[in-house]
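Database features (Swiss-Prot):
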- GLY714, VAL715, ALA716, GLY717, CYS718, GLY719, LYS720, THR721: ATP binding site (BINDING)
- 72-290: domain 'Alphavirus-like MT' (DOMAIN)
- 687-838: domain '(+)RNA virus helicase ATP-binding' (DOMAIN)
- 50-409: region 'Methyltransferase' (REGION)
- 537-565: region 'Disordered' (REGION)
- 712-975: region 'ATP-dependent helicase' (REGION)
Amino acid sequence: MATSSFNINELVASHGDKGLLATALVDKAAHEQLEEQLQHQRRGRKVYVRNVLSVKDSEVIRNRYGGKYDLHLTQQEFAPHGLAGALRLCETLDCLDSFPSSGLRQDLVLDFGGSWVTHYLRGHNVHCCSPCLGIRDKMRHTERLMNMRKIILNDPQQFDGRQPDFCTHPAADCKVQAHFAISIHGGYDMGFRGLCEAMNAHGTTILKGTMMFDGAMMFDDQGIIPELNCQWRKIRNAFSETEDVTPLVGKLNSTVFSRVRKFKTLVAFDFINESTMSYVHDWENIKSFLTDQTYSYKGMTYGIERCVINAGIMTYKIIGVPGMCPPELIRHCIWFPSIKDYVGLKIPASQDLVEWKTVRILTSTLRETEEIAMRCYNDKKAWMEQFKVILGVLSAKSSTIVINGMSMQSGERIDINDYHYIGFAILLHTKMKYEQLGKMYDMWNASSISKWFAALTRPVRVFFSSAVHALFPTLRPREEKEFLIKLSTFVTFNEECSFDGGEEWDVISSAAYVATQAVTDGKVLAAQKAEKLAEKLAQPVDEVSDSPEVPSSTPDDTADVCGKEQEVSELDSLSAQTRSPITRVAERATAMLEYAAYEKQLHDTTVSNLKRIWNMAGGDDKRNSLEGNLKFVFDTYFTVDPMVNIHFSTGRWMRPVPEGIVYSVGYNERGLGPKSDGELFIVNSECVICNSESLSAVTRSLQAPTGTISQVDGVAGCGKTTAIKSIFEPSTDMIVTANKKSAQDVRMALFKSSDSKEACAFVRTADSVLLNECPTVSRVLVDEVVLLHFGQLCAVMSKLKAVRAICFGDSEQIAFSSRDASFDMRFSKIIPDETSDADTTFRSPQDVVPLVRLMATKALPKGTHSKYTKWVSQSKVKRSVTSRSIASVTLVDLDSSRFYITMTQADKASLISRAKEMNLPKTFWNERIKTVHESQGISEDHVTLVRLKSTKCDLFKQFSYCLVALTRHKVTFRYEYCGVLNGDLIAECIARA
C-alpha cells in the first residue's frame, strides 16, 4: 500500500520541471495514493470470519491470508479452536482458487472429506465425498442438515431448485469424475497413497490439500504447534495413553524401510485449555505425507510437493502424470528448528539399568553443569555428595531466579520425573570420562600383557565387549560408550522414482488440446459475462443485486466427455464406431455413449441421494429399520424435494402422497427397486418414474444407425403436426415424440383418441420405444425433436432399424437440457444430414410476430442468425397480447376456458393450490396448468402466463423460454405478474410494443 503521508518539498523538487503548481502536485499525489489503497482493498475477495480471535490469532491469519483476501474478522461468536476453524475456511478458498472457477462441468472440483454445506451455501462448483466413518461424521451431517434448513428458510428464493452436491461414499468408491480435487485436513484418514488411489478412481490429475504439520513428529513422541495452540501426542492405541518410546534410530528405520509396526501408533491432537473435541489419527497416514515422495498406481505416477508450511499448516499438492517416468532421484528433508539448541542425553528408564531413553536438554544447561561436575569430581568422595552438587547446579540452571525484584527464567524447566535421572546420568558420564582418561594414562605405564591386549585390533575388542554385554547385561552402564547424543536438526529422504507406464505421454498434443478447449470455454464465458454486464448496465443503480450468478454449462463439441462412468467392456461396439472413418457414424456413436452415461449417472445419483437420506435417518445396509430423528431429517429434505417420503411397514406414509402420484420404486437396505406394502422404504421425486438404468443398458446394447436424418426446422405454429399427419404411412412409419403429452396430442390429431390400441401402436414416446418390444420400420417421424438427446434419437433409429428419420422441431425453442448439473453434456445437440426451414406460422396472431422479433434482438447475441427475424403470420387475429399487474395469486382469474403456464414449478404449485381452494375440477388443474417447459408443442386458444414473484429468475431472460410462452396461443395471450422483475424480457417487449 502507499504511505499515509508525503513530502511536499520532495514532490516540488522532483516534479517542478513539469510546471505543476504545489496544489496540483498534492492533488495528484493524493489521488494516486487513494487509487492504490482502493486497488489494495479490491485485490481480494471478502472473507468473513465470525469466530472470536485473540490479537495474536488475528495476526496469524492476517499474516497468512491478509494479502490474498479482504479479511473481515467480525468477532461474532466463540467457537472451539477458533483459529483452526478460521484457517480452515481460508484454506478451502485458497485451494479452490488454484483451479478454474468457470462453473462449467469440466471445471468441477472434488472435495475429499469436506463440508458439503459450505460449498452449497456459497454456490461452489464442488462435489463432496463425505463418508460416514463413525458417530462424529454422522453428527456433522446432522448439524449440516440443520444449518442448510436454517439458511434456506431465511432466503428460499436463492436456493430454489438447488440440491447439495455430495455423497456418503469413501473417496475411492465415488464414481463422479473430475480433473481437480481438494482435501482440507482430509488426508489424515487416507494417507498419501490413499489419496492417490482416490484420485485415480475419480480421474483426477491435480489435488491440493492442507494438514497440520510439525517436523518434530519424526523425532519426538509429543509436542506443541504454538500457532494453533495444539498439543500432539503419540499413543499406542485409542484406549491406552501409553507413550511411544521407540528410540530415534528405530523410528527412522521404521520410517524409511518398514511399512508395518508391531503396534498401531496413533497421534492425538488436543487443543490446549479447550475442553472440546480432540482428534486422533493414524501415525502411518500422517507420516506418509512427511516421508513419501511418489506412488505409481494403475498406469499413473503421483508425486507430492510440499508448498507452504505456515502457522503449523502445510499446504501440499499431488499431481498425477501418465506414461513412462524415467529414473530420477527425488530428495526432500524435514527440519527440526525447535531442537537446534538441544542435545540428547541418555537416562535410565528402568531400575535395572537395562532400558534407557533419550531426553532433550538445553546445550547451555548441560555444558555448564558438566563443567562444574568435572571440576568438582573427586573419586574419594561419596557418590551421593557429588550427585547433590550436580543436582544443585542443574536446578540453578533450570529454574526461576529473582534479580532486583524481577523474576527471570534461567534456562528451561526440566520434567520433574526426569530431573533426578538427568543428574544421575551426568554423574555416570563424569565418572566414565575420568575412568577413560585414567585408562589412557595408565596405558603409558602398562605391563607387556596389558599393552598386548590394548594392541588388539578394534574388531576383536568389539567382539569381547559384545560377549560381555550379552552375558552380563547389568554391566552395560559401566561399559556405556555414549551418554550424549548430537541431535540432527534435519532428516533427509531420498527416493528413486521410475515407472514403466506403457506408452509415452504426448505432452505437446495434450497442451494443444487443453489450449483449444480453454479458448472455446473462454469465449463462452466471455459472452456470458458481456450479457450479464449489459443487463446490469440496463438496471437502476440502486437495484443491482450482489448475489453471485453461476454460469450455466454450455455444450462444447471440441472436448471429451467428463463425468460419465467408464465401462469399456460393455461399450466395445459403440467404442469401435466412435473411431469409424465415416464421420456421421462416429458422431452418432459418441452421442449414444454420452446418452448412456448420462442416464446411468442419473440412476447413480438417485441411488446416492436416497442412500444418503436412508443413512441420515439411521438406516444401514443390513436391517429394514430406521433409528434416527425421522421428522427432522425428512422435514429438512422436504424443503428441497416435496416428494420425499417414507413408507412404513404398516402401510402408512409419513406424509400424504399427492393425488395422482404412484411411486414405482423405493429404497431401503436392499437398494433401489420395486417394494411391497409390508416393507419400510423411502422415496423421492425420482421414484415415480425410474427407468434411467434400463435406458442406459438398452442404448449400450445398440449400434449407431447409418440412416439419413432430416430436420424440418420450423417456427412455432408452422404446421409441424399437420405435416406429420399428411406424410404418415402406417405400413412403413412410426411416430415418436419426446414426452407423453406430445404423444397424446399427436394421437388425438391422427386417430381422434389418445389411448386406443391403434393410436398407442403407431405413436410412442422415445422411452417407450427403447424399453418395450416394437416392430421394425423403415421411417421414423419425430415430433419436437429438440427435446431429445441426439444419442437417444440415434438409439431409437437403431432399435427400429429405420433407414430414415424425419424430425420436426424448432431449434430456437427449449432444447434438451440435463437434469444433472454435474454431468458434462457435450453431444446432445441434433446433427442432421439434411435441414429445411419453415418461417410461416399459422397459429400465432399478427401482433406476436413483432414482439418475438424484438425479443430476439434484445436477447440473442449480435450476429446470431434467427429465423424469427423474418417470420410471418397467416393468422387472421391481429391483436391478442395484453398484460396486467396483480397483487397475489388470489387475483389470478382462473377460467376453465383458458390455459395457464408458469416459468417455475413453485408458481405452478401456487396456481394448483388456488384452483383446489376454488373447488375447480381435477381435470382443470391436472391438464390446464403447466410450466412453459411442459407446454412446449401445445396449442391453445386462450393462454395466460402467470408470474407470482419478483425475485430473480433467469428463465424470464432466456429467449427460448420466452418464445415458447408467447407462442402457445391462437386467439388471446394475457401476462399477469406480481411486482417488477429486472430483466423480464416479455414485460419489457410488451411495454415497448
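Note that Cβ sites are derived from N, Cα and C of the backbone, with glycine treated the same way.
Everything Swiss-Prot records as a feature, shown here on the structure.
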residue: GLY714; record: ATP binding site; Cβ neighbours (10 Å): 22
residue: VAL715; record: ATP binding site; Cβ neighbours (10 Å): 29
residue: ALA716; record: ATP binding site; Cβ neighbours (10 Å): 23
residue: GLY717; record: ATP binding site; Cβ neighbours (10 Å): 25
residue: CYS718; record: ATP binding site; Cβ neighbours (10 Å): 24
residue: GLY719; record: ATP binding site; Cβ neighbours (10 Å): 19
residue: LYS720; record: ATP binding site; Cβ neighbours (10 Å): 22
residue: THR721; record: ATP binding site; Cβ neighbours (10 Å): 21
Secondary structure at GLY714 (ATP binding site) (DSSP, helix/strand/coil)? strand
Helix, strand or coil at LYS720 (ATP binding site), per DSSP? helix
Rounded mean pLDDT for the residues that make up the region 'ATP-dependent helicase' (712-975): 90
Cβ within 8 Å of the mean position of the Cβ atoms of GLY714, VAL715, ALA716, GLY717, CYS718, GLY719, LYS720, THR721: remaining residues of the chain near ATP: PHE808, ASP810, ALA838, THR841, PHE842, ARG843
